[in-house]
Amino acid sequence: MQEKSIRLGIVVAEFNYDITQLMLQKALSHAKFLNAEVKVVIKVPGTFDMPLAIKKLLEKDFIDAVVTLGAVIKGETKHDEIVASQTARKIVDLSTEFNKPVTLGIIGHGATHEQAVERIEEYATRAVEAAIKLVQRTRKIDELKEVKETVIID
């Protein structure tokens with residue numbers, strides 16, 4: 001049986017564009033390398049603006065998972081903490097609401113610009129890999145009928 005292809009949506013923040021644009025390039029090339037199809041890329045102003053775009057993608061039957069890409073850079077106030085924590089919370093809520101993976105490829109909070117630059121490839125590729133693995137594994141869960149012994153899904 002041939003495995004169904006994995007269809008991704010990507011939501012990328014424009015804020016800190018020098019970082020997020022490189023993250024998008026890394027994510028697109030890594031998805032291609034892993035034979036996943038990126039169906040839609042949506043650019044939003046900032047990470048705090050991601051949830052609505054994520055929700056719109058999750059509503060589509062042709063999207064199996066959503067990858068988020070962004071960079072929340074530390075400032076002089078606690079704004080970065082609020083943005084990062086609220087966005088992460090909503091991402092989890094949307095994933096469980098729609099029963100589809102939404103992965104967190106958002107650098108920060110607390111990261112300096114230099115630290116964010118160092119983490120571009122790591123965060124982008126890990127978010128893509130996590131989305132693909134979660135789709136594959138949740139498909140295996142969906143195929144389970146009855147379990148008499150311990151099943152390890154990896």
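Our numbering is plain: 1 for the first residue shown, then up by one each step along the chain.
Placed from the backbone N, Cα and C atoms, the Cβ positions cover glycine too.
Noted in Swiss-Prot for the protein shown:
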{"type": "BINDING", "residues": "Phe15, Thr47, Phe48, Asp49, Ala71, Val72, Ile73, Leu104", "note": "5-amino-6-(D-ribitylamino)uracil binding site"}
{"type": "BINDING", "residues": "Glu76, Thr77, Arg119", "note": "(2S)-2-hydroxy-3-oxobutyl phosphate binding site"}
{"type": "ACT_SITE", "residues": "His79", "note": "active site, proton donor"}
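For Leu104 (5-amino-6-(D-ribitylamino)uracil binding site), the same-chain residues lying six or more positions away in sequence with a CB closer than 8 A to its CB are Thr68, Ala88, Ile91, Ala127. Here the Cα atom of Asp49 (5-amino-6-(D-ribitylamino)uracil binding site) is found 22 Å from that of Arg119 ((2S)-2-hydroxy-3-oxobutyl phosphate binding site). Taking every protein chain shown into account, His79, Arg119 are the recorded positions, and of these the Cβ with the most other Cβ atoms within 10 Å belongs to Arg119.
Cα spacing between Phe15 (5-amino-6-(D-ribitylamino)uracil binding site) and Thr77 ((2S)-2-hydroxy-3-oxobutyl phosphate binding site): 17 Å, rounded to the nearest whole number. The binding residues for (2S)-2-hydroxy-3-oxobutyl phosphate are recorded as Glu76, Thr77, Arg119; their greatest pairwise CA distance is 22 Å.
Comparing the binding-site residues Thr47, Thr77 on other C-beta atoms within 10 angstroms of each C-beta gives the minimum for Thr77. Secondary structure at Thr47 (5-amino-6-(D-ribitylamino)uracil binding site), as computed by DSSP, is helix.
Within 10 Å of the C-beta of Ala71 (5-amino-6-(D-ribitylamino)uracil binding site) there are 28 other C-beta atoms, taking all protein chains into account.
With Phe15, Thr47, Phe48, Asp49, Ala71, Val72, Ile73, Leu104 listed as the residues that bind 5-amino-6-(D-ribitylamino)uracil, the site has a largest C-alpha separation of 16 Å.
Here Val72 (5-amino-6-(D-ribitylamino)uracil binding site) comes close to Asn16, Thr47, Asp80, Val83, Ala84, Thr87, Ile106, Ile107, Gly108, His109, Ala111: these same-chain residues lie at least six apart in sequence, with C-beta atoms under 8 angstroms from its C-beta. One residue stands out among the binding-site residues Asp49, Glu76 for having the most other Cβ atoms within 10 Å of its Cβ: Asp49. A distance of 12 Å separates the Cα atom of Ile73 (5-amino-6-(D-ribitylamino)uracil binding site) from that of Arg119 ((2S)-2-hydroxy-3-oxobutyl phosphate binding site). In this structure the C-alpha atoms belonging to Phe48 (5-amino-6-(D-ribitylamino)uracil binding site) and His79 (active site, proton donor) are separated by 11 Å.
Among the recorded positions Thr77, His79, Arg119, the residue whose Cα lies closest in space to that of Ala71 (5-amino-6-(D-ribitylamino)uracil binding site) is Arg119.
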